[in-house]
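Take a look at this one; I'll ask things after.
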Amino acid sequence: MTSRFFTQVGSESEDESDYEVEVNEVQNDDVNNRYLQSGSEDDDDTDTKRVVKPAKDKRFEEMTYTVDQMKNAMKINDWVSLQENFDKVNKQLEKVMRITEAVKPPTLYIKTLVMLEDFLNEALANKEAKKKMSTSNSKALNSMKQKLKKNNKLYEDDINKYREAPEVEEEKQPEDDDDDDDDDDEVEDDDDSSIDGPTVDPGSDVDEPTDNLTWEKMLSKKDKLLEKLMNKDPKEITWDWVNKKFKEIVAARGKKGTARFELVDQLTHLTKIAKTPAQKLEILFSVISAQFDVNPGLSGHMPINVWKKCVLNMLTILDILVKYSNIVVDDTVEPDENETSKPTDYDGKIRVWGNLVAFLERVDTEFFKSLQCIDPHTREYVERLRDEPMFLALAQNIQDYFERMGDFKAAAKVALRRVEAIYYKPQEVYDAMRKLAELVEEEEETEEAKEESGPPTSFIVVPEVVPRKPTFPESSRAMMDILVSLIYRNGDERTKARAMLCDINHHALMDNFVTARDLLLMSHLQDNIQHMDISTQILFNRTMAQLGLCAFRAGMITESHSCLSELYSGQRVRELLAQGVSQSRYHEKTPEQERMERRRQMPYHMHLNLELLEAVHLICAMLLEVPNMAANSHDAKRRVISKNFRRLLEISERQAFTAPPENVRDHVMAATRALTKGDFQKAFEVLNSLEVWRLLKNRDSILDMVKDRIKEEALRTYLFTYSSSYESLSLDQLAKMFDVSEPQVHSIVSKMMINEELHASWDQPTRCIVFHEVQHSRLQSLAFQLTEKLSILAESNERAMESRTGGGGLDLSSRRRDNNQDYAGAASGGGGYWQDKANYGQGRQGNRSGYGGGRSSGQNGQWSGQNRGGGYAGRVGSGNRGMQMDGSSRMVSLNRGVRT
């Protein structure tokens, strides 16, 4: 038939009949306008009856079409196409057998195998034709030879029967198909009646398409099939029949073209008709595995509704294990094939393959990934967090089960997951979660499960034995103590290390700095953390950050700076804390590295506030560096406590115009400039204007502590700067200048004298400080310089040896602990005894490196004019303070996995 274009033009070369047909079609198109309701195609075809084919017929048609394509390929000797169609027909066979529930393959498939086998033998016999084949065709022929030989072994008996009597086998096939597909016929009848039943008036105002009704019937087909299975005679549904169906479904898992949700539904239906508790348990394990496969990618997460079903399935597994104590879950020994056929009243042990710990860890991982992917500023994120008690209830029940079974190693792994869900929560958040868990009702989840399972009930009914709600002690500390004690007794090395870090983190969160510090020093985790996995290194970094915040809240400025200094040494805070991806101008990351780093990110509710962390670090550095720079004004670069702070200060001083402070750095730099001039009031006002203080619950007491420390360091800075200008200085005058009580001034100055930071003495009758002039010989100055250089060389050699030996061997770290040069590497008690107790011994007889540095600096001061007491007086103690900061907390570089 010609085109309408020529019809509209009115070509005289066409037949008259064709012209009339085309004109009629054009007229019909004009009448049946698609924008008119009465002109719809569904109403126009009143004489055509819609035919709905059952799924079985559709699958057979697909297989028949593929077989026809194979015949065409045989005619042209195309083995490449033949190989592709052979793989295709094998996949279609699985679908056909699944739908028809037949034991034997259809005759069409056996006939195809016989045809292929004969054709292959002919092709192999014709060697001349084989030589003329192309390379791809020859490879496909050889591949087809192997595939067909392997495949035909599975159907040897059927092939032999067909070769003996092909006509008889073809006659038997329709009868078998009719017997196997009674259920499909009934569903087809229902579909036909639903389509033929409702008639629609073409002139009606509302035109409801019959496709919607058909779609509703198709949706209910699954439920009807299940109902048919449940209404079958129980004698027909045997353990063997269910086991065979179970193996067929499991065999299809992971294959291309298999719908994952459909696979989960099929396995879920099998749990309803399982004949024994062990069989139901075995199928439930496969259901959970299939649910994990719903989202196979690494970037996404399991759908939330599937996650909840997975948790409910695991609780059902625990119900079965608790009720039937003779059933044992084990993944080390392959159970017998007929193990699950043993009845309910069987007294012996029944082994079922499974791993509850692995499943729980996967559930926890999927929950973690969902929080990573959901936008934290939406309601959905908050709703997702409300599911956490559901996971904690599951973990608690699994841990109780393992403890009853005596498997304490597995119980320790489960306890670690519970610890990692609690350690970062303050007591207020813990109380809110505990109240939420008490208010959560189980009816919602139970109703959802009933709706999905449909009206039929299971053959094996398992009551809810294990509780669906978690139980929490009133104090989060009490719960942590119970869990970590179990882990310390029974966990492996990695589990113990992570539990220890979580325990330290929680102690720091609860303001127990001394306990947290002692746990860290006794565990020696800082010496071995570089050998652990990256997630544990991230946990270590988070713990050190929390420990630094705790020390700051307790007023321990030196210790706080020691914990945070390494964290801010490389400008990669976000990366080290897993709170963002850092970008470096010198190191470009591959897309794979970026994806891996994003997968390690912490969820938003677990983030540490970076502004607060930066403020604490810079304030601590300011309180330590300003007196240190005043004490070493002639050689400021020689003794550096915080390189990061010095760099920021240099950048700030190079600016021609200083704008009002905007961010945390600007505020701290402005406070530093004021403190350097001795204006402690302005320094405190600038710091007090920071917004981060509102994040602290005891804000007023912390600000009072900061103000007192600013006054103290302002006093020290003043004495370091102007001691050379005085012969004596009144105690009363110092107290009035810095608004500090006289006993406190006396204590500060006396400590500086004892530590040889200030070369002076007290005149008790007049209550004055008398400054002394110090002069050194040339030999003494050279000796002090040599001592300092030797100490630096020895320390560098120790670090080089330690990096080569991995921190062990010659016990060089213990020597550094004895010298009080490493906070985090200190031994329990001795080396890390903080500034107050360590400085006394270090000033005169302890740390030779600090002493030597002070003497050398003093001599330099003497050469430059021998100011009164200025050279020697303020050097040694500041040297000691600097040495305490070295190598402090052993933060870990995640890119290289070594200490930075």
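Numbering starts at 1 and runs along the chain as it is shown here.
From the backbone N, Cα and C atoms, a Cβ is placed for every residue, glycine too.
These numbers come from a predicted model, not from an experiment.
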Have a look at TYR19, TYR35, TYR381 and find the one that Swiss-Prot tags as phosphotyrosine.
TYR35
According to Swiss-Prot, which residue out of SER11, SER38, SER803, SER814 bears the annotation phosphoserine?
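Candidates were SER11, SER38, SER803, SER814; Swiss-Prot attaches phosphoserine to SER38.
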Annotation phosphoserine per Swiss-Prot: which of the candidates SER17, SER40, SER453, SER856 has it?
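Checked Swiss-Prot: the phosphoserine annotation sits on SER40.
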Which residue among SER193, SER204, SER813 does Swiss-Prot mark as phosphoserine?
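Looking at Swiss-Prot, the phosphoserine feature maps to SER204.
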What parts of the chain pack near the region 'Disordered' (128-147), using Cβ distances under 8 Å and only residues at least 6 beyond its ends?
77-80, 82-83, 86, 116, 120
Summarise the compositional bias 'Polar residues' (134-145) by DSSP state, stating how many residues are helix, strand and coil.
11 helix, 0 strand, 1 coil
